[in-house]
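Asker: Just passing along the structure, written as structure tokens.
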């Protein structure tokens with residue numbers, strides 16, 4: 001399988017020379033195309049930093065990051081915006097929908113960023129929200145909002161789908177639904193999906209689990225036969 | 001502890017509270033500043049009028065005797081009466097210098113105020129000179145001064161320098177700005193004037209409580225029907241200053257409203273926004289057991305502190321600063337013994353009133369938001385956006401994302417958008433007012449000196465002048481100018497009469513600015529008078545030259561636009577036809593060397609003498625225009641910056657999301673800019689009529705003697721629109737610069 005993400009000795013530090021704090025220290029790993037990956041770790045382990053680096057929202061202190069054969073730590077601000085627009089789909093913990101746009105418009109917004117996108121209608125159909133497409137975010141439940149957010153992310157046909165605690169703001173039932181959707185999409189349409197979470201219950205569902213602790217990779221486990229989302233005990 | 005929280009809140013919402021502060025400050029600053037300015041003028045003028053016993057009624061006649069005085073004194077309504085003669089004199093050194101001589105019999109009414117040297121007294125011999133004229137011509141107390149009066153030379157020692165209460169404003173023919181170097185006045189006691197010939201007393205000065213009754217009472221008592229009466233309100237010096245004061249009063253009342261309105265609206269949005277942002281916190285305070293009253297007072301006090309601070313500063317600084325800008329310009333036109341700002345008695349109440357409106361606004365907002373149960377505050381704390389139930393209509397659906405976003409954003413924040421529009425409207429309106437006033441003035445001057453008056457030189461003559469020689473030398477036209485009284489339906493007004501031989505040098509225009517020819521018979525009436533009488537072309541009006549007894553009824557054949565003097569214009573032919581004899585007082589024509597000719601009282605050159613005095617007035621006007629422009633720009637910047645950063649703060653999370661999704665900075669900035677552009681354009685469009693209305697208000701207070709047409713050049717409209725756009729674009733540039741600094745990572749984690 002093709003490697004789509006490659007971290008090589010990536011360090012991210014904050015502060016000055018005397019007070020150097022490592023958010024990430026010598027992090028290296030790879031992710032293959034189509035994999036459903038969970039990055040797991042306690043609060044403050046460096047998960048979010050990892051995600052920010054993947055998303056091109058932050059720059060590395062040292063090391064290289066290669067996404068889809070493209071080195072991203074050398075890109076300029078503008079190129080990074082392009083990278084986010086073309087390659088990355090984001091799913092946020094708090095959905096981050098534009099409150100003044102309807103569900104449909106939130107998804108259709110992606111047409112402004114990329115030519116080759118799924119139609120908003122189709123994307124919403126894939127997450128089962130076609131019936132609610134003309135509602136505003138405030139008129140939708142948390143789970144529904146998160147599914148709109150997923151529709152928005154996948155409509156870009158991204159090389160990489162990054163999810164930051166996608167179930168963090170949801171109850172277990174709704175969270176499970178959302179996870180199921182993410183995994184289904186991953187398997188059916190081949191989106192490489194990376195989920196960052198502190199919820200260790202999710203680890204068995206992933207093709208690959210990357211354990212992060214104190215800014216370092218503690219372990220990377222590849223699972224031949226991940227279990228079904230329904231089988232997870234929250 | 002809550003005070004500490006308040007100070008931190010104020011710091012956190014600095015730009016909004018600064019906007020409230022500035023608007024309140026500017027509103028109160030202009031209000032108290034301008035009011036104390038005109039009130040200062042009025043108070044000092046009235047003090048002068050009171051101290052010098054300014055007459056209430058002036059009666060003009062051919063000669064008043066001691067018997068007349070005695071008879072008038074018998075009237076119960078008359079408290080005091082005195083007589084005097086007023087004649088024209090010329091300096092023997094410089095023929096250009098004209099003096100009006102007041103020859104009083106006693107010094108009971110309209111007493112000259114001593115400014116330097118001895119006080120005026122009818123018992124003393126000597127001359128008392130106009131202090132400004134003396135200063136301009138370097139004449140000191142103790143010098144001797146020579147005058148040419150009716151062919152006689154009179155030399156007197158200068159006993160003192162004075163200010164005549166009837167000449168606070170000196171009206172010199174054709175000029176708006178007094179020319180103190182060449183025009184002045186002097187007082188000499190009739191008792192010591194000259195033995196060589198007698199001068200008749202032509203004026204009566206009367207003190208009374210019922211000026212309007214004087215005409216009938218005195219005419220009946222003296223059995224004379226050729227008397228002309230003038231009440232104090234029609235005295236040029238008095239009415240000009242009163243008009244000026246009224247104009248300033250209008251200025252001081254209209255302009256602060258714009259700022260106070262913005263202050264109220266800004267208070268409304270700022271306080272409600274702050275409370276919305278702190279709902280969770282309010283819930284916590286309530287849950288902790290703070291009483292509603294205490295919490296309401298806490299939030300209310302935010303606005304209170306700022307509003308009171310702004311109002312007090314404005315109240316204190318306004319009267320100190322505004323007059324220092326306006327008084328220099330005023331004292332070039334009006335001469336008062338002293339001039340300093342006097343705060344209006346009731347201005348404090350007005351200030352308190354406007355503060356109260358802001359308070360009420362803040363209080364209502366606080367009360368409405370804070371009366372809910374603590375649990376509600378927790379429940380709704382997570383919904384920071386109002387729910388919207390309106391179905392997207394097809395127009396919004398078809399618009400692109402940027403437009404969709406902005407249409408919805410404007411619809412959801414109607415008040416905020418309204419404030420932005422009002423701010424821009426105010427900015428645009430003030431700019432249009434400032435530059436439109438300049439346009440109108442320039443137009444008036446251009447018209448007066450390039451279109452209507454085309455002579456080089458105006459020579460005032462007396463009856464001894466050889467008119468034929470003078471006219472041929474100057475290739476000129478003779479004109480007769482005098483004061484005239486007009487009557488229609490028992491309404492009487494005074495004005496000027498101009499009789500001219502042709503329109504060669506003095507052209508005529510109607511209100512549409514088309515040149516009209518001089519009617520061969522009948523008269524032409526100036527527009528302002530026609531309007532105040534309710535007359536139109538074709539109607540008839542009665543008139544008589546002041547001093548004559550007979551009324552003449554003439555048909556009005558044309559209505560004229562005359563910028564600087566209002567009255568009757570007619571042809572010499574028509575004048576003679578109506579039974580008068582044409583006695584020219586001036587000749588206008590080309591420049592020629594005529595100094596050696598006799599009978600010449602005064603020479604004025606159009607370009608150098610008259611136009612330069614106009615330019616001087618315009619310089620004064622520039623100060624006013626500069627103040628307006630400054631006000632406009634401050635208003636625009638403060639409102640737009642405040643609203644801009646407000647909406648930025650509200651949207652920062654959405655903007656961060658867009659950035660994370662891959663939108664470029666310039667696309668995100670475009671979002672902010674587009675909305676700003678729309679609101680600015682709305683404001684500009686509304687500002688056009690608003691500006692016109694402002695100019696209309698200001699110009700309609702200029703008084704009866706001036707007829708200023710509102711002329712706004714297309715370039716002014718375009719320029720002001722561009723300037724407003726520029727202000728808006730600059731502010732937006734500053735606000736949208738923040739987009740670059742949005743921290744995508746932390747913005748995404750904020751959950752209210």
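For all residues, glycine too, the Cβ spot is worked out from N, Cα and C.
Reproduced below are the annotations present in TrEMBL:
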{"type": "DOMAIN", "residues": "B:254-372", "note": "domain 'ABC3 transporter permease C-terminal'"}
{"type": "DOMAIN", "residues": "B:627-743", "note": "domain 'ABC3 transporter permease C-terminal'"}
{"type": "TRANSMEM", "residues": "B:12-34", "note": "transmembrane segment"}
{"type": "TRANSMEM", "residues": "B:254-275", "note": "transmembrane segment"}
{"type": "TRANSMEM", "residues": "B:296-327", "note": "transmembrane segment"}
{"type": "TRANSMEM", "residues": "B:347-370", "note": "transmembrane segment"}
{"type": "TRANSMEM", "residues": "B:418-437", "note": "transmembrane segment"}
{"type": "TRANSMEM", "residues": "B:621-643", "note": "transmembrane segment"}
{"type": "TRANSMEM", "residues": "B:677-696", "note": "transmembrane segment"}
{"type": "TRANSMEM", "residues": "B:716-735", "note": "transmembrane segment"}
Asker: Which one, B:12-34, B:621-643, B:677-696, B:716-735, has the most C-beta pairs under 8 Å toward the transmembrane segment (B:418-437)?
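Answerer: When the Cβ pairs under 8 Å are tallied, B:677-696 comes out ahead.
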Asker: Do you know the DSSP helix, strand and coil residue counts for the domain 'ABC3 transporter permease C-terminal' (B:254-372)?
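Answerer: So the domain 'ABC3 transporter permease C-terminal' (B:254-372) is made up of 97 helix, 1 strand, 21 coil.
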Asker: Which residue counts does DSSP give the domain 'ABC3 transporter permease C-terminal' (B:627-743) for helix, strand and coil?
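Answerer: Split by secondary structure, the domain 'ABC3 transporter permease C-terminal' (B:627-743) comes out as 98 helix, 0 strand, 19 coil.
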Asker: Can you give me the average pLDDT across the domain 'ABC3 transporter permease C-terminal' (B:627-743), rounded to a whole number?
Answerer: 86
